[in-house]
Amino acid sequence: MADAFAYAPAIAVFPLVAFVVALVFGTYMPKKGAFAGIIATGGSLLLSLWMLVTVAGGEVRHNSEPLYEWTAGSAAAEAGAEGISFSFGLLIDPLSALMLVIVSLVAFLVHVFSLGYMNDEGETGLPRYYASLGLFTFSMLAFVVADNLLMAFMFFELVGLCSYLLIGFWFRTKSAPSAAKKAFLVTRFGDYFFLIGVVAIAATFGTVGFAGEDSFVVAAEAAIDDGATLFGFDAQTWVTITGLLVLGGVLGKSAQFPFHTWLPDAMEGPTTVSALIHAATMVAAGVYLVARMFGYYALSPTALAIIAFVGGFTALFAATMGVVKDDIKQVLAYSTISQYGYMMLGLGVGGYVAGVFHLMNHAFFKALLFLGSGAVIVLMHHEQDMWEMGGLKDKAPVTYYTFLAGALALAGIVPFSGFWSKDEVLFDALIVGLEQPVILAAYAMGLLAVFFTGFYTFRMVFLTFHGEPRTETAEDPHGVGWSIKAPLVVLGVLAAVAGFVNLAPIAHIAGWDIAFLEHWLDGEYGSVEGLTYHAYHETVAFEEGYVGSETITMLLSAGLSLGLALAGAFAAHTLYNVPEPERHATKLGGAYSVLRDNYYQDEYQVWLAEGLTLPLARAADLFDRTVVDGAVDGVSTGSLFGSSWVKRIQTGLVTNYAALLVAGFVALLAALGLYGGWF
Amino acid sequence: MTVAVEYYVLLSMAMFCIGLFGVLTRRNALLFLMSVELMLNAANVNLIAFAFYHGNLTGQVFALFTMALAAAEVAVGLGIILVLYRNFRDVDVTVPTTMRW
């Protein structure tokens, strides 16, 4: 089976080929390039599954021959800039194999769904759409298998570019290009920190590899053990600093506070694109990067605590905003921000398995919810305001039941997938939080967000599907075809059952060995040394505390989160599951305006740009033009002025030159005479 | 009767100064060339006088070299003057001032 990895590059290359094909021949192809994308992502999916099976068989790929080498690195210089080799290579371990399957599966389903969502709706510019989709999938898959930080960074950027292309797909409107630019710029702002972080790591440790003996993780660990001083900081602090720099990119791409503002605007893109971005590609890329570099972050409790706190805060912050939105996609957008907050919280408290588990479950149920909302939008003739809907339950049963499965998973109702992973995140946060007040605060915010999640999720479900139809379109919805229903069914089943791969609480209480994902990530099948859950767990030096025993804590945590989720769902049921729901949110008064306007995040960022950065830039510009340019121009003006005088001796008359020559000679003679003592 | 070397030096100086004066004041290229010849010959007078004074032939040999060089220089100089005349219809050295910066 070893040669399975020979085909691994093809996983990423297939969508790249689809990109080229759709771009060049898309116009002439049936369905405008859709089938190229479907075949390519389907091929990627099959190969990814093969990788999964191969990894399960105990094989991994890392530190093998790089696919492409940029700079080999001088063998003479062991460390420093000379010694770094930059290459493209593959790292296929349990984590990336799992992620490959998630990404290619969601991409495949999104391609299929697009047949119904884009082709059947008579959209124009479809070759461009499918080409971008292919490039997006390619970038993400290549990012997933990247074996070093530089390669990861490059594909991270490419993912950002693709999001720009796709969010701005309807470039003739005013809002879509603006949203695309916003997404690109906000995430790029984070990526600047990432780039500095990459350079800092490369310069410090002389390597950018993720795994193996000569990875920067191992080098950092050695530096901390040696008590080395790096760039004037002790090793631990330096790891924290570089880790946080890289985290800047993560916060941007994964839309964590305060870089989350691009994501709700990104709803301007086609819904299928939202499904891909939110479930499996761009937004997931940030969290995946944290998981990929987990060994590095594990070395720094400070960085982890910051990740956990930002995650917990974002989870709550975004969830509260989701409560008052009227646009079905906006609700899902805030839900995405909130859910990625949970993943960050999980990873930040050292719950590697919990974070990855939630990443996986979220990919399925959020893709489902977005595609479901896409189906609703088709049903409603491109109406997105939930207040215009209602009563779709009976008219579109497939959409309803699959959407409901996604909603139950999102809200975290047992036994749907989201419950298991969210509960594991919260449990990990709680046991660490009992010893660490900062993390306890993050946990509390995450826990509170569960209530809001349950509330906004079911508010969305009830407003959309229950009650009486509130408009004529809702009474007579447009039908949807198999290409919309099939992906929904696949994802609906996954949303319901994906949680069963890691029933940690039941495994613990009943003593059964059914925490499959934990075993998987712990390398019980195949693993790269150092990249296992156990290795991380030993590095993360968090103390764990329990209320009573571990079992009681676990039940308490699960009970609390389930209770809150049910309470949220019940509150939504009371308020909105009536034939003629009202806008209860407006009764909140001032709080409603604050929530509706997203805590004035955009306003304050605009203020930051216009009120602070712009005057600062103007002052810098003035300084540049007067002092810096003044100095440069002054020098040139001076020499120009001087030369305008000096050039007058250049008459072109031989006589004058001869006279000058003679005068000079006489002067020289006189000077020599004076110094030589002739007079 | 031998003439003291100072007289030769004085003669040479006079010739050189006349030549220099010509170079600095004359505008006719031909007179210019003649003035340069005069300065060269002032140097020759010096060379021969000192050779005689010191009793060896080195100075005289150098004087021959200088004459050869002067002949060559005249050949080049006349060429330049011909081109000058062809281009400017004049042998006034103050007219062609285009060869500056």
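Cβ atoms here come from the backbone N, Cα and C positions, even for glycine.
Where the annotation comes from TrEMBL, it is an automatic prediction and has not been curated.
What TrEMBL records for this protein:
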TRANSMEM  A:33-53  transmembrane segment
DOMAIN    A:83-130  domain 'NADH-Ubiquinone oxidoreductase (complex I) chain 5 N-terminal'
TRANSMEM  A:95-117  transmembrane segment
DOMAIN    A:146-439  domain 'NADH:quinone oxidoreductase/Mrp antiporter transmembrane'
TRANSMEM  A:152-171  transmembrane segment
TRANSMEM  A:192-211  transmembrane segment
TRANSMEM  A:273-291  transmembrane segment
TRANSMEM  A:331-357  transmembrane segment
TRANSMEM  A:363-380  transmembrane segment
TRANSMEM  A:400-420  transmembrane segment
TRANSMEM  A:440-465  transmembrane segment
TRANSMEM  A:486-510  transmembrane segment
TRANSMEM  A:552-576  transmembrane segment
TRANSMEM  A:657-678  transmembrane segment
| What residues in the same chain, six or more past the boundaries of the transmembrane segment (A:440-465), come closer than 8 Å to it by Cβ-Cβ distance? | 308-309, 311-313, 315-316, 319-320, 322-323, 325, 328, 331-332, 334-335, 338, 341-342, 345, 348-349, 376, 386-387, 389-393, 400, 403-404, 407, 410-413, 422, 425-426, 429-430, 433-434, 560-561, 564-569, 571-573, 575-577, 581
| message | On average, what pLDDT score does this prediction assign to the domain 'NADH-Ubiquinone oxidoreductase (complex I) chain 5 N-terminal' (A:83-130)? | response | 85
| query | With DSSP, how much of the domain 'NADH-Ubiquinone oxidoreductase (complex I) chain 5 N-terminal' (A:83-130) is helix, how much strand and how much coil, in residues? | reply | 32 helix, 5 strand, 11 coil
| said: At a C-beta cut-off of under 8 Å, are there same-chain residues at least 6 beyond the transmembrane segment (A:552-576) that contact it? List them, or none. | reply: 411-414, 419, 422-423, 426-427, 430-431, 447-448, 450-459, 461-463, 466-467, 505, 508-509, 546, 584
